[in-house]
Amino acid sequence: MASEKPKLEALEEEYAKINKLPRLTKAVEHVDKIIELLSAAREQVASAPESHTAITITKLQNPVKSAFEAVNDGLKGAAAANKKMGKALDKSFPLKPLPTDHDAMADHVSLINRAIAMHLLREGQFKVASTFIDEVQSTTKRENPEYLDERMDDGNYDEAASTTSSEAYDLSSLHSQELQESFAGMYYILQELKARNLMPAITWARKNSVELEARGSNLEFELSRLQFVWLFKGPSVNGLPDDENNGQRGALQYARSNFGRFQARHLNEINQLACSMAFAPNITESPYRQLFAIDTAFSDVASSFTREFCSLLGLSAESPLYLAATAGALALPQLMKYTQKTLAKGTEWTTSNEMAFETPLPESMLYHSIFVCPVSKEQTTDANPPMMIPCGHVLAKETLQKLCKGARFKCPYCPSEGILKDARQIIL
């Protein structure tokens, strides 16, 4: 890693030099000027007598010629900057041949196509996704006209699953208008959150409160709490109308109207917000100042909203294609280094579908879908899922039921006691 630092520093210095060279924006400005000159000349020719046409065109020649020369100079400057940047990148990071002996995804093209289509939909690129799906479908039908039908007619479901499922092979399900409308709604709410308007997100969370409650999600309360804080800040900060629905009075009124439904699970947080009203004149110096720090609050609730929205659709919070490409890019340098060394020694890794070394990935990309109950020492299943109890410890559902005496139980790892209905299932 230390050897990469001088390369990056040299690249930054080169970029600083290149950044001073002409850009395409100048060429675009000159093109706009040419269009203005031609449009003005056309209007003059249309409105003036025919005898004045030659004069208008003659006057136009020099300005247009100089503008075109300026465009060419701008394009040459931009091309030179692009060429210099390319050379700097090649010098700092010379191209190395990628290992191509084994392509683990060669038999899973349909899954790759599905991941690309879903990524485009998740990014809101609906027209691009539709065109991509149409192209894939037409290519598939042209190259394998009876592939899917034959396999399904023969009952080769296991074989289909080993290389591609019928759903992955057929992308028509992603053409669903309902799915596109769902993602369009998600992006509308995210845009509103970016503009610091919480109401669309609160309305969505309230509409889906039953499903969110079943998942143990706190999204609705998080949004409502942030709305309270946002109103409390007043019109000088939130830019909302200066009336009885804004400021401290508006925040108190909002709390009275909306916080009652959250008392069972969030009474402590509600009490803290209520007590903070006593420190309103100097909230930044109060014990509750952290509750009113909103530097990252809107981006945090946007991430929570995206995660819960995708979960209700049966999707992961992050695009699988993005995660796979990012993890692959992080692992590629080590993979190339390992491949070069094994080739030099005349050895190779023969274990299929398994890496020869641990790949360092950020914590956000570390997943573990297996949980073993620390009491029963058994792996949890869908019928016996992991349950989080109020103290924060996690046990298998069957273990928790065995610990119960009536409706109450005592945690086997700390002095805390709880009620069975307060335990929340963890979705792995």
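Glycine is no exception: its Cβ is also placed from the backbone N, Cα and C atoms.
Note that the structure is a prediction, hence the values are computed from the model and not measured.
Taken from TrEMBL, the feature domain 'CTLH' applies to 182-239.
Residues or ranges marked as zinc finger in TrEMBL: 373-414. Counting same-chain residues at least six beyond the ends of the zinc finger (373-414), those with a Cβ under 8 angstroms from any Cβ of the stretch are 216, 420-426, 428.
Across the domain 'RING-Gid-type' (373-414), DSSP assigns 7 helix, 11 strand, 24 coil. The feature domain 'RING-Gid-type' is assigned by TrEMBL to 373-414.
The predicted model assigns the domain 'RING-Gid-type' (373-414) a mean pLDDT of 87.
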